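Here's the structure we're looking at; comments come further down.
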Amino acid sequence: MNFEGKLVGTDLKVAIVVSRFNDFITNRLLDGAKDTLVRHGVEDSNIDVAYVPGAFEIPLVSKKLAQKGEYDAVITLGCVIRGATSHYDYVCNEVAKGVSKANDVSDIPVIFGVLTTESIEQAVERAGTKAGNKGAEAAVSAIEMANLLKQF
């Protein structure tokens with residue numbers, strides 16, 4: 001038997017957790033995610049957005065939203081750009097671990113859509129220019145995974 005999640009968002013309710021830090025990038029990711037959800041049939045009224053100060057705060061809020069029982073998926077969006085210190089490594093590792101843990105404590109998908117880039121140029125490329133929009137890609141993953149998990 002094969003199981004696959006369809007890319008149909010009708011009747012799905014989705015939460016998006018987005019970081020305000022580097023908002024010139026995260027706003028583009030958010031726009032891409034919301035546009036993709038709506039294009040796949042998710043009603044705009046079924047998309048809730050929670051803003052957090054930075055990427056480090058994403059895991060806690062995504063876990064709380066996932067545990068509420070109101071959503072079919074949670075999408076996380078943020079942008080961490082390497083600087084001159086090791087802060088980048090700590091933030092990236094903890095955000096990835098935290099989002100993974102949020103998946104472990106809920107029955108819905110928590111999708112990792114946080115950019116971890118070496119430069120501002122890489123971030124811009126992944127927020128809607130030549131490398132696509134990773135927010136849109138995260139939305140597609142959320143729809144597919146939400147529909148897949150409904151089969152179990």
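A Cβ is built for glycine as well, from the same backbone N, Cα and C atoms used for every other residue.
Annotation source Swiss-Prot lists active site, proton donor at His87. Around His87 (active site, proton donor), no same-chain residue six or more apart in sequence has its CB under 8 Å from its CB. Mapped onto three states, the DSSP output places His87 (active site, proton donor) in helix.
For the recorded site, Val80 (5-amino-6-(D-ribitylamino)uracil binding site), the DSSP three-state label reads strand. Counting only same-chain residues at least 6 apart in sequence, those with a Cβ under 8 Å from the Cβ of Val80 (5-amino-6-(D-ribitylamino)uracil binding site) are Asn22, Ala55, Tyr88, Val91, Cys92, Val95, Val114, Leu115, Thr116, Thr117. Positions annotated as 5-amino-6-(D-ribitylamino)uracil binding site by Swiss-Prot: Phe21, Ala55, Phe56, Glu57, Cys79, Val80, Ile81, Phe112.
As annotated by Swiss-Prot, (2S)-2-hydroxy-3-oxobutyl phosphate binding site applies to Ala84, Thr85, Arg126. Taking a C-beta cut-off of under 8 Å and a sequence gap of six or more, Ala84 ((2S)-2-hydroxy-3-oxobutyl phosphate binding site) has no contacts in its own chain.
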Please state how far apart, in Å and to a whole number, the two most distant Cα atoms are among Phe21, Ala55, Phe56, Glu57, Cys79, Val80, Ile81, Phe112, the recorded 5-amino-6-(D-ribitylamino)uracil-binding residues.
16
What is the one among the binding-site residues Phe56, Phe112 whose Cβ has the most other Cβ atoms less than or equal to 10 Å away?
Phe112
Max pairwise CA distance, angstrom, over record-listed (2S)-2-hydroxy-3-oxobutyl phosphate binders Ala84, Thr85, Arg126:
23
